[in-house]
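**Student:** Sending over a structure as C-alpha cells; questions will come in a sec.
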C-alpha cells in the first residue's frame, strides 16, 4: 500500500522518537493535508517500509489488474457479440483497448525485479486507465433519444448505466492498487461526481424520477467510497503497526545482542573461552550428577610468575578509598598490558601480589622467556614510578617452570586459578627473592637456553622450604635499564625535601593517571562501551524510541531512527523472499502449518472489529435511504431492514461494553467469524429482498404483456413487464451488500470465500428462477446477463482482496512473531548471562556497571565503615594433596576440594545467609564478608551486630558441612576460621580481567586471625567479641597473640551458640565427635564408614606449602 501513517503504527507497535518543537509544530500544520495520506517522517524508515511491503504490493497489483482486465474483457466480449443495450456511448470500442492496456500492465507488474518506484508508476498508470475507463462508462448518449421502440438499435441512456462498473473500479483502486491514499480518494470522488454530473445533464428522464435515481446512485457511491477509505487506511495502518512492532523487536534484539556481547566479553575476560562456555552451558542447564562437576585442565609445560610490590603496604595505608583503588587499577592495569605484550595470562590479584602464567591458553615454546621479560618489565615499571616520586617502591619477582592444573572451583564467584606443587614453588621463589630481582629456579634456567646472564640466588639461605627440598635458585642479571617510560618529567615533580605520605600518594595517583605513561583502562569500560556512535544510538531503550505502542498517532514524528537497526532491517529485506515465507502457510487455507502458531494468531484481538460493525450499520442506513427513495414499499423488506439496523446497534453496544469492561476472551475468532457471516447475510438479505420484490415472479406464466423484444429467430415476442422500475438498483444493492466482507480483517479468507460463493449462487438462482434473464431485464438493461457478470466480478474482486489481506496479515504476524521469538531468545540469553555475571560479581556491583554510562564510567569503589570479614582455611589439606599418576597428577584431590567449596557455596543459598558475600577462594582458603550491600551509615551501624551474628552462624555451619564430607569421604579435614570487623574498601580493578576485591587493615587482620588460629576453632578479634557478647554465643578468651604488623592482639575463640539459659547447644572443638546429619547433597557419595583418625599438621611448613599456596601469606598481603 502507498499511503501510510505518519510516524506510527495503527493501534500499537510504537511510533518512534518525538522530534523537536519546531518539527512537531510543522507536522501539526500539515496534519490537515496529510491526515489520509500518512507516512513516516523519516525517509529512511519510509523506504524500509516500502521495501517491506514491496512483494505484497506487487501481488495486490497483479490481482487488481487481473480484475480490471476481466472487467474490460467481459464488456468488450459483450460488444463483440452485439448484445442489445442502451444507445451507443463514448465507451463503444474502448473496452478492448482498456483490456489490452490492463493486460500489458499485468505483464510488466509480473517482472520479478520490479522495484518500489516502478511499482508505484505501474499503480499510477493503472489508476489513470481506470479513470478513463470509468469516465467512458458514464451514460454519454451519442445516438440521441430513443424512438419509443425497444426494437430500435438501442434504447435511451439510463441513470443506472455504468454504475456497477464504476463501483467495482472504485473499490479495486482503494483496496488493491499501490497508490497514495489521497490519490485513491480523489479518484473515487472524481468518478462518482463525473457519473452524477453526466447523468444529471445528459440522461433524458422525468425530473422527479431522475433526482430520486441520482440520490440512490449518490448513496451507493458514498457507501463504496466509505468502505474503500476504511479498507485503505486501516489496512495500511495495521501493516505499519506490524512493521513497527517487528522493527521494535529487532531493535530490542540488537540491543540485547550488544548487551550479551558485552557480558560475553566480560565472561571471556574472567575465564578462558573454553572453560567459560562449558561452565555457562552447565550453569544454565545443570546436569544430574552426584558430584559437582569440576572444571580443571592440566598443562604440563608452562612458566609461573609471582610478583609482590615491596613497600606498597605503608603507601596504601595512607590513601583514601578512591586513591587506593586508583593506585591498584593503574599499577595492575599496566601489568595487564605488559602481560598481554609478553604472552602471559594474569591469573589473580591478591592484595599487592600479582601472578600470571605463560603458555597456558596458547602453548608456547618460549614461555620461560616470556615470563622473564614480564618480570623485568614489571621491575622497570615500578622503578620508573619510584624514581618519579622518590617513594621506596620495588618489585620482588619469582619464577618457576613446570606443571599446573588450571580452572575454577565452587559454585559461586568463579575465579580462574592454578594449582600444583610447581605453583607453590613459584610462590616460594617470590617470597625468597630480593627486591628488584627476578628469582628463577634451575628448571626455568634450563628453558632459557643461556639467553640471559644469571647469578646465584642463594634462595635456600632465606627460605627453609628451598633448603629442605635442595632447590638451587638464580637471579636474572639485566644488562642495562631496559625501558624508560615516557611522560615522566622528573625535574618537574621531584621535591626539594622528602614529602609526606599523603602528598606522595596524591602525586603517585596523578602521575600514574598520565595517559602518556600508563594507558590503564577503567575496568569494564572496554566491555561496556560500544564500538561506534551509531551502535550506541541504536541501543537506546525501546521505551524512548517507541512511545506510543498502544495508539496510532499521525502527529508523532520519527526523527532519529536507529541507523544500525535500519541497516539491519534493510539486509533482512534483501534476503526476505515472500515465497519462502509462504512455505509456512497452507496454500489453499492460508493456515499456518504450525498448529501452535495458528492458535496464537487466532488469539490476536481485532481492534477494528467494532469499527467494521459501525460501518456496516451506516451501510444499512444507506440502504434504508435508497429503499425509501426508489423502491416500492414492502412490509417484509421494511421489517428486515429494521431488524438489521436494531441488531447492528445491539452489536455495537455489546462490543463497546465488552471493551470498556475489558472482558477477557469475550470476542474469540469463532465469535467474530459467526458475527461477520451473520451480519453480511443480514445486510445482503435486505438487498436481496428488494430484488425479489422487483422481479416478475407473479407474472412469469401470464401471456399478456406490453413489452416486445426480438427473439433469437428475429421474431417479435411479447414478454411480461416488471413489477417496479428499480430492479437495477436492487441488483446494485446486492453488489454493495457484499462489501462488508472486505472490512472484517481478522476473519480468515476461507469462510469469506465460502460465504461469497453462497451469496453469488443465491443471486444467480434468484435471477434465473424469476425469469429476469429471459425477460432481458425489462426496461432497465438490454444485456440480460450483465447482472450475473457484475456479481461474478464483484465476488472475484472481494475473494482476491480477502485472500490478499489474509496473506498480508499472516505474513506480517509471522515476521513480527519471528522477530519477537528472536528477541525473547536474546532476552533469555541476557538473563542467563546476567545470572552468570551476578555469579562473578556481587549483585549491586554488577548492577552498577550495567546501569553506568560507558562514556562517563569511572572506577568503582566503595568505602564501608563496618564489614565483617571471614577467612576459613583447611590447613591440613596440603597433607591430602599429592600428585601421582593414579590421581591424574592431583586432579582427584582438587575434585574433593571442589566438593568442599561447592558445599560451602550452597550454604549461601539459604535465605538466612543472603547478606553474606563470597569474595574468593585462595587455594583451600575460603574468604567471605558481610555488610557489603550499599546502605546508609546509620543503618550499617545498627545492623553490624546482626551481620556478624549471621557470619558467625555461617562459620559454625561450615564445620558441620566439613564434618559430613569427612564422614562420607574417609577423611578428617579440619577447619580453621578467623573473623574480624572494621572498615574496608571494595572495588573493581584490572581493565583486561576485572576483579572484585576488598582491601584494608580489617582484611589483613582477619587473615591473621585465620593463620594464627587453632585448627577446629573460630578465632575472633576483641572488636568482634564486643559486638557479639550480648548475642547467644559462647566465647573463650585465648589471650594475646602475636600478629604480624600489629604486635600483640587480644583474641577470643567462638566456641558455639547457646540457648537462652546459657547452655551450650552447638559447640566447636577438635575433640568433638563427627555425626552425619544426612544432608541430601552428600548422600550416596560414599557408603557410611567410620572416619579415619585426624591427620596431624607437619611442623615447619612454609607459608605456601604444596597444595595450598596462599592460605596465609598471600592472603594476608596488606592492601
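Here the Cβ of each residue, glycine as well, is placed from N, Cα and C on the backbone.
For reference, Swiss-Prot lists these features for the protein:
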- 308, 309, 352: Mg(2+) 2 binding site (BINDING)
- 551: phosphoserine (MOD_RES)
- 493-520: region 'Interaction with calmodulin' (REGION)
- 1024-1047: region 'Interaction with calmodulin' (REGION)
- 64-84: transmembrane segment (TRANSMEM)
- 88-108: transmembrane segment (TRANSMEM)
- 125-145: transmembrane segment (TRANSMEM)
- 158-178: transmembrane segment (TRANSMEM)
- 183-203: transmembrane segment (TRANSMEM)
- 214-234: transmembrane segment (TRANSMEM)
- 611-631: transmembrane segment (TRANSMEM)
- 635-655: transmembrane segment (TRANSMEM)
- 674-694: transmembrane segment (TRANSMEM)
- 725-745: transmembrane segment (TRANSMEM)
- 753-773: transmembrane segment (TRANSMEM)
- 775-794: transmembrane segment (TRANSMEM)
**Student:** When DSSP states are folded down to helix, strand and coil, where does residue 352 (Mg(2+) 2 binding site) land?
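**Tutor:** For residue 352 (Mg(2+) 2 binding site) - judged by DSSP and reduced to three states - the answer is coil.
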**Student:** Have a look around residue 309 (Mg(2+) 2 binding site) and count the other CB atoms within 10 A of its CB, chains all included.
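**Tutor:** The answer is 26.
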**Student:** For the transmembrane segment (64-84), name the stretch out of 158-178, 214-234, 635-655, 725-745 with the most CB-CB pairs under 8 Å.
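**Tutor:** Between the stretches 158-178, 214-234, 635-655, 725-745, 158-178 has the largest tally.
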**Student:** Averaged across the region 'Interaction with calmodulin' (493-520), what pLDDT does the model get? Just tell me the whole number, please.
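**Tutor:** It averages 46.
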**Student:** Go through 158-178, 183-203, 635-655, 725-745, 753-773 and flag the stretch with the largest number of C-beta pairs under 8 Å relative to the transmembrane segment (674-694).
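**Tutor:** Answer, by Cβ pair count: 725-745.
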**Student:** Take the transmembrane segment (725-745) and find every residue of the same chain, 6 or more past its ends, with a Cβ under 8 Å from one of its Cβ atoms.
**Tutor:** 158, 160, 163-164, 167-168, 171, 175, 209, 213, 216, 220, 223-224, 227, 230-231, 234-235, 238, 606, 608-609, 611-612, 615-616, 619, 623, 626, 630-632, 672, 676, 679-680, 683-684, 686-688, 690-691, 693-695, 752, 755-756, 759, 763, 772, 777-781, 787, 790-791, 794-795, 798, 801-802, 805, 809
**Student:** Count the residues of the region 'Interaction with calmodulin' (1024-1047) that DSSP assigns to helix (H, G, I), to strand (E, B) and to coil, and report the three numbers in that order.
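**Tutor:** Taking the region 'Interaction with calmodulin' (1024-1047) as a whole: 5 helix, 12 strand, 7 coil.
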